[in-house]
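Provided herewith is a single structure, encoded as structure tokens, for subsequent inquiry.
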Amino acid sequence: MITDGIMHKVREVYQLLRKEPGIIVGVSNRHVHLSREDLETLFGEGYELTPVKELRQPGQYAAKETVTIVGPKGAIENVRVLGPVRKETQVEISRTDAFRLGVRPPVRDSGDLEGTPGIVIIGPNGILVKEKGVIIAKRHIHMHPKDAEYYGVKDKDIVKVIVESGDRRLIFDDVLIRVREDFALEFHVDTDEANAAMLNTGDLVYIVEF
């Protein structure tokens, strides 16, 4: 039987293993990234996204525009479009969303779309039938190269992250490190993962070494 005393000792060990400072959490709700061509199909020729909220990652923003995504079993309205436009359209949803839509997306890094299921996207000016592009985003940490040097990691490394706040302390395994010059330090999880750990955007988590 695991006693409170044992759990207290375990938490003390985790605190010794964790790397300071903590990393800010960004909880990612379902959203869509659109290519230029697909943006114009959905919203009209020459259309430009309207930024309404800057995201923590430099140059990225939530747009005013929303779409409806439709799968074999259902639809979800008011799905936010994130900007700027990308080379390829990508739809990021949670596993809960996937059940609602009737699709079975894999857990993938952003941009890794080969072999992913398609979906229908409806905008005010048109409808897209995408043959691929739906993923459940792999949990990851964005880092600037200076952050990666500080934490002793490199691009594509896999680490563990501990959640110490709230009543659902846990460790996220298999967390991908993504390093780029235009990234800011942030731990990204989807809404299912955040709910499991009772995490909110702005909370802090810690990389741990074993």
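Even glycines carry a Cβ here, placed using N, Cα and C.
The shown structure was predicted, so the numbers you read here are calculated from the model rather than taken from an experiment.
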Based on Swiss-Prot, name the residue from Glu54, Glu65, Glu77, Glu92 that is recorded for the same Zn(2+) 1 site as His31, His33.
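Same Zn(2+) 1 site in Swiss-Prot: Glu92.
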Check Swiss-Prot for me: it has Val27, Ser28, Asn29, Lys73, Phe99, Asn195 binding CoA, so pick out which one of Arg18, Arg80 it puts in that same site.
Arg80
So what sits near Ser28 (CoA binding site) in its own chain, CB-to-CB under 8 Å and at least six residues off in sequence?
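For Ser28 (CoA binding site), the qualifying residues are Glu92, Ala137, His188, Val189, Asp190, Thr191.
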Three-state secondary structure of Asn195 (CoA binding site) from DSSP?
helix
Three states by DSSP: which one describes Arg80 (CoA binding site)?
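Once the DSSP labels are grouped into three classes, Arg80 (CoA binding site) ends up as strand.
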Do you see any of the binding-site residues His31, His33, His140 whose C-alpha is within 10 Å of Arg80 (CoA binding site), and which ones?
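Within 10 Å Cα-Cα: His31, His33.
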With every protein chain in view, what's the tally of Cβ atoms within 10 Å of the Cβ of His31 (Zn(2+) 1 binding site), excluding that atom itself?
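Here the count is 18.
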